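**Q** Just lifted these from TrEMBL, have a look:
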REGION    1-51  region 'Disordered'
TRANSMEM  61-86  transmembrane segment
DOMAIN    61-550  domain 'Major facilitator superfamily (MFS) profile'
TRANSMEM  98-118  transmembrane segment
TRANSMEM  125-146  transmembrane segment
TRANSMEM  152-173  transmembrane segment
TRANSMEM  185-209  transmembrane segment
TRANSMEM  215-235  transmembrane segment
TRANSMEM  255-277  transmembrane segment
TRANSMEM  283-303  transmembrane segment
TRANSMEM  324-343  transmembrane segment
TRANSMEM  363-382  transmembrane segment
TRANSMEM  389-410  transmembrane segment
TRANSMEM  453-478  transmembrane segment
Amino acid sequence: MGLDNDRLAAESPDAKPALSSEQALPPKGGEADTLGEVEKGSTTPSVPPAPWKPSKEEWMLFFPLALTSFMVSLDATVIITSLPTIAEDLDASATSSFWIGTSYLLSCAVTMPFMASLSDIFGRPLCLTLSVFVFGGGTVVCAAAQNIDAMLAGRAIQGIGGGGIISLSLVILTDVVPLKFRPRYVGIIQGAWAVGTCAGPIIGGALATRSRWRWVFYIMLPLAGAGAVTVPLMVRLKSRRSDDPWRVKVARVDLVGAALFISSATLVLIALSRAGIQVPWSSAMTVGPLVGGSLGLVITVFWERFVATTPFLKIALFCRKSAYGVYGGTFAQGFLLYGQLYYSPLFFESVKLLGPLQTGVSLLPIMLTLTPASVAAGALITRWGHYRWALWSGWGLVTLAEGLTIRWAAHTRAGEWIATSMLLGLGHGLLLTAHNCASQATAPSGDEGAATAFYALVRSLGMAMGVGIIACVFLNVIRAKCETRQIPPDVAANITSYAVRLKSMAPGHLRSAIMETYAGGFQGTSIFLSAVGGVAFGACVWVRGFEIDKELLSDHHIVSSRQGVTEDQSHIDVVMKAG
């Protein structure tokens, strides 16, 4: 039976309720073998069902999902501490080098929902494998790049593959794990993503020399190779419509909607990323793409809502008001996390005068708390059946920590910034799992996969905007500080290039003035990030709690190694395990 028929049956007023955790399951041993043999009026004491546990096939697919999630998150942040060296070796301007990180994040974000939609049509394993190969191809281009144009092209290709990997690694969990138990296993995948995110700057700092920076990309190739091998072997999912002819599958692809969304979103993101950095906000180069892209997004929503026969954007995800708070908080978390990760190293290099490797190590306290917090939050949400406590606690800790970073200066002791970083990691770890769970709990039954893909999209948009907008805030603050510090015009015009030169400069008035300018710029970004965190904290209070003990509905199921297991029998097994 297909998913649409399952949902219609569930919504019928005459339909029998799905088996829940309060209903008795027959005990093992001489019990009935079918759901229909459980008698309503039985006086036998109810035996609560055992918690859902992964089968061998389900355990197998967690490894490639965690591996590929680690790979793409590592790639997104490994260039943070090596970026000045890459830009110098490729003779790139400060503006061009900024796009090495942003081009990846933008292409990653705009392709996410479309890749998730393609996987509904052509199957999860095929689309995830294709994404890994695209990512690997982009990595080769980056490693071989001899100029900045080739580097930017490679990063954009990597982002296309990375977008598919990030969204599908989370969507696949919605196919096999019931929502009640999903946070525990999402915490594992998100934990791997968090390890890569925080380890990237450390590895990048260790490789940040003119002769070794290409190893930043070489190290991705073995990971991509492992992913290309393990995904087809271990992600053994089959769609209920997998036997449809290819011409039928191709006809279902929403090419018009995808083209509208990708082009419009790209225009908006490029305009916001360049505004105040490369071109003024009032410039036609900013206003034109921003207005055109925004209009295109409105047309996209209209197309998806009223015209598309198989829309890749599910408007039904916003049928509950809490969804706006959940996705708004997800955007804010991506914004804050990457805004902090990209500009904290600048503080340590230009104000604390640390080297690239020491700068990468300075981000280690965030990783030490972020990953365990993400895993622990998943286990506790599953145990308690509630997720709002993690939203409130996470945003409270993030807002507090962002406020404490305002105090950071050249004289700040290591104990203070380490404690602040650990608080920041603890808060973000709670939010990574809580927002993912909340997005699925607020979605209509059967749309959890689409909700997960949209969650990944919104988080990535926040990351891209966090890097771009914080760059705008930072540059505007340091330009104003240059005037008050009476820094010579020739130095002020290239102030962003002095971050890596300060350590080799002779002590004196000029070096002190530049360091104070950078400290002021970082303080300005900290104030801005604290304000964003405060708004998100206030908004999350209004997010309602929804039931997470829901029946698992999916068009995709595990291909079991057991003989004689049909699709209908697999679906019954899933419903029983979800109880």
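FYI, residue positions are counted from 1 along the chain as it appears here.
The backbone N, Cα and C atoms fix where each Cβ goes, glycine too.
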**Q** If you average pLDDT over the domain 'Major facilitator superfamily (MFS) profile' (61-550), what do you get?
**A** 87
**Q** Does the transmembrane segment (215-235) reach the transmembrane segment (185-209), going by 3 or more CB pairs under 8 Å (6 or more apart in sequence)?
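**A** Yes, the transmembrane segment (215-235) contacts the transmembrane segment (185-209).
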**Q** So which residues does the transmembrane segment (185-209) touch in its own chain, when a touch means Cβ under 8 Å and the partner is 6 or more beyond its ends?
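**A** Same-chain residues near the transmembrane segment (185-209) but 6 or more away: 54, 62, 65-67, 69-85, 166, 169-170, 173, 177, 215-216, 219, 337, 341, 345, 355-361, 363-364, 366-367, 370-372, 374-379, 425, 428-429, 432-433, 436-437.
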**Q** For the transmembrane segment (283-303), find every same-chain residue at least 6 residues outside the stretch whose CB is under 8 Å from a CB in it, and list them.
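**A** Here the qualifying positions are 256-257, 260-261, 263-272, 274-275, 311, 313, 315.
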**Q** Which stretch, 61-86, 125-146, 255-277, 324-343, 389-410, tops the Cβ pairs under 8 Å count with the transmembrane segment (453-478)?
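**A** Selected stretch: 324-343, with the most Cβ pairs under 8 Å.
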**Q** Count the Cβ pairs between the transmembrane segment (125-146) and the transmembrane segment (389-410) that lie under 8 angstroms and are 6 or more residues apart in sequence, then report whether there are at least 3.
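**A** Contact between the transmembrane segment (125-146) and the transmembrane segment (389-410): absent.
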**Q** Which residues, given as numbers and ranges, are at least 6 beyond the ends of the transmembrane segment (324-343) yet have a Cβ under 8 Å from it?
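**A** Distant Cβ neighbours of the transmembrane segment (324-343) are 77, 80, 101, 105, 197-198, 201, 318, 363, 366, 391, 395, 398, 402, 405, 424, 428, 431-432, 435, 438-439, 442, 454-455, 458-467, 469-470, 474, 522, 525, 529, 532-533, 535-536, 539-540, 542-543.
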